[in-house]
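Quick look at what TrEMBL annotates:
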DOMAIN    4-183  domain 'Electron transfer flavoprotein alpha/beta-subunit N-terminal'
BINDING   R208, 233-234, 247-251, 264-271, N285  FAD binding site
Amino acid sequence: MAEVLVYVDHADGAVRKPTLELLTLARRIGEPVAVALGAGAADTAAVLAEHGAVKVLTADAPEFTEYLVVPKVDALQAAYEAVSPAAVLVPSSAEGKEIAARLAVRIGSGIITDAVDLEAGDEGPVATQAAFAASFTTKSRVSKGTPVITVKPNSAPVEAAPAARAVEALAVTFGALATGTKVVSRTPRESTGRPELTEAAIVVSGGRGVNGAENFGIIEALADSLGAAVGASRAAVDAGWYPHSNQVGQTGKSVSPQLYIASGISGAIQHRAGMQTSKTIVAINKDAEAPIFDLVDYGVVGDLFSVVPQLTDEIKARKG
Ligand SMILES: Cc1cc2nc3c(=O)[nH]c(=O)nc-3n(C[C@H](O)[C@H](O)[C@H](O)COP(=O)(O)OP(=O)(O)OC[C@H]3O[C@@H](n4cnc5c(N)ncnc54)[C@H](O)[C@@H]3O)c2cc1C
């Protein structure tokens, strides 16, 4: 069976969920061979094997952290040359897309970005993309070279598929450009203690109806009562009420949690594009005609300043 390279996104050995989703998709088109780079790369092997990676290629060097993406592209290219895979899959983060694009140029291949599904085809893997704020879906395949495909988070389930744990060191020679751009400082993002937005099982989002940064406290309180992440509409982000890193939608993040609660959000198509695949959707909006109600499983027509705190209190009471 053809091998499929999967680029691993991890933090000091802790594999992020989108990579496990990639393994599910990779198994549809071949045998996943994972490429893990940087500090803790070897620590990723157990969880990757549990999810179907037949082999994990690892490399660690200061270049991966001290410089921007080129050293990682050098390493992925080395893996590509060692394995001659049927496809290369990369998570669709900003960094992932840059790595994938640079690799595709180097190996003379076509690239598909932001795929939301992947299936085997007679002439190579067929990727589904959601276009125009998910109003259309397109299916495409790469017609030149080895397909390089980036896949959006939450596009596939995480599935256990235990494989024997095989770890191999990947030999990487860095090119002259690898050290062209040095990282000169890093500022860790302040931890909120809440789950990562794209990985959370529950997301509570606020929109223009929240009416001010100071009022986001009630959205956060509801989120905390549920152990949820906090999201925001672009209107709330543009108003400076909540950080862009929490924006859900076409120009923000795509989420697909078990439960999505939208408060004071009208349900514009660009917002829906980032959350409409959520399993259960609840909206709180004072306008019964708001388009978000076309999408919901449960809707509350009411003032969020009255409904949200009551909901928080009720959840806390039931949790005891
Ligand atoms: C190219 C492009 C990309 C975009 N990308 C994104 C994106 O990634 N994400 C995104 O969200 N948007 C995006 N937008 C913007 C999008 O079109 C909408 O403008 C935006 O989603 C509206 O945000 P909102 O629902 O919070 O605000 P509004 O549309 O103003 O809706 C506010 C809602 O709150 C309700 N409300 C008001 N007060 C209360 C209250 N007290 N209690 C209950 N309900 C109340 C109102 O009835 C209303 O329905 C994009 C637009 C463009 C053109």
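Using N, Cα and C of the backbone, Cβ positions are placed for all residues, glycine too.
Owing to the predicted nature of the structure, the values given are computational and were not obtained by experimental measurement.
A C-beta separation below 8 Å, combined with a sequence spacing of at least six in one chain, links I265 (FAD binding site) to S205, G206, G207, R208, G209, S233, H271, A283, N285, I292. Over the domain 'Electron transfer flavoprotein alpha/beta-subunit N-terminal' (4-183), the average per-residue pLDDT in this prediction is 95. Cβ neighbour counts within 10 Å, taken over all protein chains shown, single out H271 as the most crowded of the binding-site residues R208, H271. Within 10 Å of the C-beta of Q247 (FAD binding site) we count 23 further C-beta atoms, all protein chains included. In three-state terms derived from DSSP, H271 (FAD binding site) belongs to a helical segment. Q247 (FAD binding site) falls within a strand when secondary structure is assigned with DSSP.
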